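Data block below; observations after.
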């Protein structure tokens, strides 16, 4: 007598609307979308519902601009995804699922200098304030994601610009802060958390 294999995670999916509060035209995504205006026919995205998986949204087409982590749940307007970010975006134009968001096995190493040089700090848990946990600098020069997926923030308390860090992108290696995203103009990272799957 054989038992059925355990079901894997449901495929990533989210629904987008061109107006706040889940109104107007909508489009459902199951995979990467470099430009929702072209692929989904929406002029803009003003509300989002994540049904499965974890997604990263970008304010511009082709995965450019500010990044916003979208975990399972409802985002009825821009303030729901911008949160306490110092940069508010009232539109999202490209989306992709986050890879390897395994909350049970997450590990990242921060380095003071570029190319994995200088003092290092190994993390396996959420840190709302890196300085209060012993990280002496407000900047991170480089980092390696050994497992899982993380969101790093510019300021303590999970505020400011967001940077989604995945083991399966860049082989988990970010040699300089410029590799964190197109909006990364400084290496200032002061809080970090594991992606909630």
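Each residue's number is its place along the chain shown, starting with 1.
Glycine residues also receive a Cβ, built from the backbone N, Cα and C atoms like all the rest.
As stated in Swiss-Prot, the feature region 'Connecting peptide' covers range 100-105 out of the listed 94-99, 100-105, 106-111. Nonlocal intrachain contacts for the domain 'Beta/gamma crystallin 'Greek key' 1' (12-52), taken as residues 6+ away from its ends with a CB within less than 8 angstroms of a stretch CB, comprise 61-63, 70-78, 81, 90-97. Taking H, G and I as helix, E and B as strand and the rest as coil, DSSP gives the domain 'Beta/gamma crystallin 'Greek key' 4' (148-196) the counts 7 helix, 22 strand, 20 coil.
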